[in-house]
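What Swiss-Prot lists as GTP binding site is 18-25, 86-90, 140-143. Residues annotated as domain 'tr-type G' in Swiss-Prot: 9-277.
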Amino acid sequence: MSGYKVEVDKRRTFAIISHPDAGKTTITEKVLLFGNALQKAGTVKGKKSGQHAKSDWMEMEKDRGISITTSVMQFPYSDALVNLLDTPGHEDFSEDTYRTLTAVDSCLMVIDSAKGVEQRTIKLMEVTRLRDTPIVTFMNKLDRDIRDPIELMDEVEEVLNIKCAPITWPIGAGKEFKGVYHLLRDEVILYQGGMGHTIQDSRVIKGLDNPELDEAIGSYAAEIRDEMELVVGASHEFDHQQFLKGELTPVYFGTALGNFGVDHILDGIVEWAPVPQPRETEIREVQPEEEKFSGFVFKIQANMDPKHRDRVAFMRICSGRYEQGMKMHHVRLGKDVNVSDALTFMAGDRNRAEAAYPGDIIGLHNHGTIRIGDTFTQGEKLRFTGVPNFAPEMFRRIRLKDPLKQKQLLKGLVQLSEEGAVQVFRPLDSNDLIVGAVGVLQFEVVVGRLKTEYKVEAIYEAISVATARWVYCDDHKKLDEFKRKCSMNLALDGGDNLTYIAPTMVNLNLSMERYPDIEFAKTREN
């Protein structure tokens, strides 16, 4: 096997998806701890210790204890090289999260075992379904009182329409949490409390019928023996092919805060999760084994370094090898660029990348020329598909405290919209600026960043907009007529794409009936 193929096959690129507060940032910390990237994990909420979680690094995130932007972390584990994309967990941050899911080959779904399947998880699973992404499941917070584990798995199967195959099974919960039984290894791994900041050297007892188990956990030993007969009869066996098709999820139980069960998941991801997968373009499928370089930009992050007002474009490599100083072709602009200073990430710590392979995420310095969805190749005119914008669900009019700063405001909004923090719309027949987001917190983030990064003080006003749709029509005459008759509802977005701004859903439905030749799209390919 060639050295290149060995490098590609080592890669596992995944994201963590969950509802807010299910423990996603904590699990990210613990995953990094096992990957030796962190020696002592930071604790997230109420950070009196001053140990901010490593993956939450913008000022606002540090203040709130939530992960607002998508961080990228690479670390070795076992024989693999793992790329973990941390996604915003707070319920208001989904568009960035959606797009991040286009750059991974598998996902880890974290569920709060006391609550079960929650709303944001359902929404994120819908996005993974667009590409049938394989899912690994972690039932978290076993150190608290939880719902019945069989009930939890039934809920995942019913609500998320995916079969569950338990890999580990809990013994007790809350104050009585004793550990887990690993079905495939036929061993019990015992839990010790108070070890959250370090890697536990867990005691392992081989075999359910081992008398050592009765000594270690008393009456719980007989209980788990009886329970396992029931569990094996009532659940699915793990099937690797069904997992790769996104039809079945292996399920693990543990506590991220107690640092227990995280290594079991990592073992499963390294063993079963797919290596870098082929990617669709408008004209053909790109295979990771191809020697020529290609990749696409799924996120742009402004000012990762507060000392420098720069922007970094996050690129997923799809084929070929990145080497320092190589020439890349920026397909949308038709330009060749020399890239000598691409970055690899350890959440806010940047290292210069000397080489990177399919599945890796690298950062390109961007002075305003790179957009979300851009493709880079070694000359071939390819365009990767499936990195969409999603129609916002909330809108505000944005206004300046100082009217002389209109130019800076527009510049700031366009840059923030290019990195996906927010969407901006300029109505055709007024000078208003409308900001669209998927959640309220994004509005706060934008005003905060306009102030700190662009020295612009802006305020919001309510506006009667219910939703937005991107407008397309192949017939220019019909499109011109539509523009003429509906100009008061039309705007251009940050990329100058025509958008219908609907004051109510009723208005949108009537317009769709009235103009059947016009396509009103909920998503827009970048």
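Placement of Cβ uses the backbone N, Cα and C atoms for every residue, glycine included.
Mapped onto this structure are the features recorded in Swiss-Prot.
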{"residue": "Ser18", "record": "GTP binding site", "DSSP class": "strand"}
{"residue": "Lys24", "record": "GTP binding site", "DSSP class": "helix"}
{"residue": "Thr87", "record": "GTP binding site", "DSSP class": "coil"}
{"residue": "Leu142", "record": "GTP binding site", "DSSP class": "coil"}
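Of the listed binding-site residues, namely Asp21, Lys24, Thr87, Leu142, the sparsest Cβ surroundings within 10 Å are found at Asp21.
Of all the Cβ atoms in the protein chains shown, 24 others lie within 10 Å of the Cβ of Ser18 (GTP binding site).
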